[in-house]
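Quick look at what TrEMBL lists:
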ACT_SITE  307  active site, proton acceptor
BINDING   350, 356, 389  Fe cation binding site
BINDING   365, 389  homogentisate binding site
COMPBIAS  1-10  compositional bias 'Polar residues'
DOMAIN    26-294  domain 'Homogentisate 1,2-dioxygenase N-terminal'
DOMAIN    296-450  domain 'Homogentisate 1,2-dioxygenase C-terminal'
REGION    1-51  region 'Disordered'
REGION    91-115  region 'Disordered'
Ligand SMILES: O=C(O)Cc1cc(O)ccc1O
Ligand SMILES: [Fe+2]
């Protein structure tokens with residue numbers, strides 16, 4: 001793909017960005033050593049940092065792991081750009097808007113089950129960054145542990161500004177409205193049902209492909225997401241590595257003021273550059289943005305009896321220092337067949353040492369009644385460490401009486417951010433008007449059936 005020389009930022013709803021998003025080229029594979037050049041000859045061969053980089057470009061390394069981390073976890077990319085990133089003026093603080101960062105100390109961690117409706121309509125002219133709203137999280141961004149859970153609701157493209165997050169990588173889960181992500185590495189297109197990942201520190205701009213856009217973001221402060229081990233599942237299955245797509249190089253050669261907003265240790269800082277930092281003409285490496293279509297997930301489940309634990313639905317995992325204990329797992333509940341014999345098929349009643357934030361991308365979820373005031377697309381639930389939850393009354397009654405024929409669950413797409421540390425809600429989330437204050441009621445009226 002040739003260099004995208006000019007910035008076509010476009011207004012929300014304009015066809016321009018969608019046209020650009022269609023037919024984008026991609027590089028396939030997870031964690032690969034990719035390479036890409038927007039102009040032939042821009043990528044040096046045989047070395048990373050020649051005395052003079054090709055075409056008068058500057059060579060720059062972007063490290064996503066310590067230099068010394070084991071090869072299997074080492075992440076870095078080499079960027080060949082019009083100006084080095086170092087050529088920038090001083091950053092100064094700007095208002096954090098709705099963005100909050102760990103440690104989350106504004107409110108006490110709450111053992112109650114919490115559920116929210118979707119974010120309210122934003123004011124006209126709200127872009128992705130202005131529309132980011134933090135629900136809560138855990139850990140400590142400066143210690144590089146834990147995560148932030150955000151939602152976004154935007155009705156304008158980012159124009160004249162780009163964003164980067166030093167605190168963590170961003171897993172963007174669109175629920176409504178397509179996104180065109182212009183990154184230092186090239187362009188990514190993410191529709192609802194797909195997810196996009198922007199690595200720590202990578203500059204990007206979000207353009208809307210529809211009049212508005214809504215979704216979820218997991219800001220992972222910890223180790224970069226990786227594919228889970230498959231163990232006895234074997235060499236294939238769950239999210240297959242080849243279905244992850246990285247962009248091909250595309251650059252902007254824009255001289256003129258561009259606002260760069262940098263999230264650093266919980267605060268937003270900005271500087272006005274005299275050029276666009278999306279000026280990378282070629283790159284190679286494995287610290288790269290990517291998109292993944294959740295419909296490609298190979299769902300594995302029980303073909304005999306019982307409801308398996310949802311760890312088999314793990315798309316990506318961010319390991320912590322303890323093997324098997326994730327800082328955060330990204331889990332998807334994708335269309336699948338249920339065939340279990342003599343089995344209560346929806347999610348079971350449970351209390352979990354892990355904490356679970358769930359969102360809904362489309363349709364309904366099989367443990368919860370759908371519809372207004374329930375678990376709806378764009379809404380979310382938080383079931384913190386050891387809080388008792390599971391099917392609501394209506395689901396329990398139906399599933400206990402259902403005839404156990406093979407059943408296709410294909411009316412929804414839900415996901416979970418599951419984490420080893422309790423999630424503390426922000427003050428704005430704890431007080432939000434869109435918090436469902438009667439959520440506990442869904443488990444009221446579960447009748448006593450005991451006979452002795
Ligand atoms: O609470 C939830 O709905 C998530 C979940 C799903 C499942 O199938 C089993 C356990 C679990 O926590
Ligand atoms: Fe659960």
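Cβ coordinates are placed from backbone N, Cα and C, and glycine is handled just like the others.
Where TrEMBL records a feature, it is marked here on the structure.
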residue: 307; record: active site, proton acceptor; Cβ contacts under 8 Å, 6 or more apart: 340, 343, 344, 345, 346, 347, 348
residue: 350; record: Fe cation binding site; Cβ contacts under 8 Å, 6 or more apart: 388, 389, 390
residue: 356; record: Fe cation binding site; Cβ contacts under 8 Å, 6 or more apart: 381, 382, 383, 384, 416, 417, 418
residue: 365; record: homogentisate binding site; Cβ contacts under 8 Å, 6 or more apart: 333, 358, 375, 412, 414
Using the recorded Fe cation site (350, 356, 389) as reference, state which further residues of the same chain have their Cβ within 8 Å of the centre of those residues' Cβ atoms, listed in sequence order.
347, 351, 352, 383, 387, 388, 390
Can you list which of the recorded positions 307, 356, 365 have their Cβ under 6 Å from some atom of ligand 2?
356
List, by number or range, the same-chain residues at least 6 past the region 'Disordered' (91-115) whose CB is under 8 A from its CB atoms?
129-134, 136-141, 146-148, 150, 167, 221, 261-271, 375, 379-384, 386-389, 422-428, 430, 435-436, 439-440
Neighbour count (Cβ, 10 Å) for residue 389 (Fe cation binding site):
22
Overall pLDDT of the domain 'Homogentisate 1,2-dioxygenase C-terminal' (296-450), taken as the mean:
95
Within the region 'Disordered' (91-115), residues counted as helix, strand or coil by DSSP
0 helix, 6 strand, 19 coil
